[in-house]
Structures are given as C-alpha cells and as structure tokens.
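Each remark here refers to the structure printed beneath this line.
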Amino acid sequence: MVSAEVARNIVGIIGNVISFGLFLSPVPTFWRIYKAKDVEEFKPDPYLATLMNCLLWFFYGLPIVHPNSTLVLTINGIGLVIEGAYIIIFIIYAAKNTRWKMLGVLALEAAFMAVVVAGVLLGAHTHEKRSMIVGILCVIFGSIMYASPLTIMGKVIRTKSVEYMPFFLSLVNFLNGCCWMGYALIKFDIYITIPNALGTIFGLIQLILYFYYYRLSPKKGKNVELPTVLTKNAVTSGNVSVTIEK
C-alpha cells in the first residue's frame, strides 16, 4: 500500500508538471503581442499577481522557513523566471501609462518582499512561526492571483467575446488548482489548500464562461482576392476583395 508521504510526492510531481504548463500557457498570447508590437486589450494583472505569488511561495519553500518543501520551491523558482520574462515583454510593448503603472507595482512588490524576508528571519525564530506568517501571506496573495482573471472575466461578459481569455490558460488554471488542493489534503496543509481551492472554483467559472460565450464571440474574417470577371464593355481590370468568415 502506498504511504501518504509517497502519494503526496507523486501528486506534487504531477502538480509541478501542471504548474509548469500553467506558467507556459500564456506563450501564444505573448507571441501575439510580440508580432503585433502591442499588448492590445490584454491585462498585466494576472502576471503581476502570479509573480508576487511565486516570490512568496518560493520563500515559503526554503528550508529556513518550511523544511521538506522541495517541490514547492522548485516549481515556484521556475515560475519566477517565466513570469519575469512575460512582464518584461509586456512592459516593452505596453502604452506609456500602463508601463509606469506596472513599474510602480513591481517596486511595491520588491519593497514588500524585502520587509517580509527581514521581518520573518529576524522576528520569528522557529520553523512553525515562520511557516505560519509566510503561509498566511501565501494564502492572501495566492487568492489574489487566482482572482486576478476576474478583470478578464468581466470583459468577457461585457463584450460577449472570449478573445482575451485563452481557453488553455483557463483549463490549466483549473487543473492546477485541483492538483495542488489534492496535494495539500493528503497531508493537510491549510496554507496550500485555501488558495488552490479558490483556484479550482475560479478556473471552473472561467471554463463555464468560455464555453457559454465562445459561440457568441465574433469570428475574425480574412480578405481573399478574387479576379474580376471581364466583359466586352470592361475597360479596366482589377481585383475584388471579399471577406470570408472562418
């Protein structure tokens, strides 16, 4: 019979794979931004929230805070690198006012993390106290991360279009919440359970919205050049542009 610890490690490894997929799921969005040289109507909120979330969970997983949390540490370290790359791309192609707002948020996040690290290491001298303080912060910011797509969901409802809420991101968000909630419940960890339970709920809502509004979303057209039919009275020739729906 598989022990609880072995089962938890297996679920944790699966969670790492799914989380890696979650971190990579915006790649098509950022490829689109790169080609257009414009962030269009995409919002930076999810990426800023995820960066803060990864910073806190990375700190939580360190041996000086919460020993034996290698799986939490590794995936959030990877997440930091990937989210940092996304934010750099977003800043490069965002409008000036959005760029300054993002830089302001990043400055606040850096200052906040400096205060948290100094406060925890200097003020709490046991793993239990450090885990509790950082864990509570992880719950708060993990919940914010999972709730950050609410701005996108609001846009979907207003515009009746899912163009700016990618399906794969919503799906992986849902699966990620399910997996890490299972990981936390095997050997109960309330700090991991709460934000991932919320992530499961918000991910499910996103999927429901996607399937409901997908058929209502306007389809983009593409121009096709068709030759003009020449008649005896025609003195010029040219091309006619028509739009064919996908």
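Every residue gets a Cβ built from N, Cα and C, even glycine.
A quick note: this is a predicted structure, and the numbers were derived from the prediction, not measured.
Residues 50, 71-72, 74-75, 78-79, 82-83, 166, 168-169, 172-173, 175-176, 179-180, 182-183, 186-187 of the same chain, all 6+ positions outside the transmembrane segment (6-25), place their C-beta atoms under 8 angstroms from a C-beta of that stretch. What TrEMBL lists as transmembrane segment is 6-25 (among others).
Annotation comment: TrEMBL describes 46-65 (among others) as transmembrane segment. For the transmembrane segment (46-65), same-chain residues at least 6 beyond its ends with a Cβ under 8 Å from one of its own Cβ atoms are 23, 26, 71-74, 76-77, 79-80, 83-84, 86-87, 90, 102, 105-106, 109, 112-113, 116-117, 120-121, 127, 130-131, 134-135, 137-138, 141-142, 144-145, 148-149, 152, 191.
Here TrEMBL flags 71-95 (among others) as transmembrane segment.
What TrEMBL lists as transmembrane segment is 102-125 (among others).
Positions annotated as transmembrane segment by TrEMBL: 131-152 (among others). Outside the transmembrane segment (131-152) by six or more residues, the chain places 43, 45-46, 48-50, 52-53, 56-57, 59-60, 65-66, 116, 119-120, 124, 164-165, 170, 173, 177, 189-192, 194-196, 198-199, 202-203, 206 with a CB less than 8 A from a CB of the stretch.
According to TrEMBL, the feature transmembrane segment maps to 164-186 (among others). Within the same chain, residues 4, 7-8, 11-12, 14-15, 18-19, 21-22, 25-26, 28-29, 40-43, 146, 149, 152-153, 155-156, 192-193, 196-204, 206-207, 209-210, 214 sit at least 6 positions outside the transmembrane segment (164-186) and bring their C-beta atoms closer than 8 Å to a C-beta of that stretch.
As annotated by TrEMBL, transmembrane segment applies to 192-213 (among others). Within the chain carrying the transmembrane segment (192-213), a Cβ under 8 angstroms from the stretch's Cβ atoms is held by residues 72, 138-139, 142-143, 145-147, 149-150, 153, 156-157, 160-162, 165, 167, 170-171, 173-178, 180-181, 183-185, all 6 or more beyond its ends.
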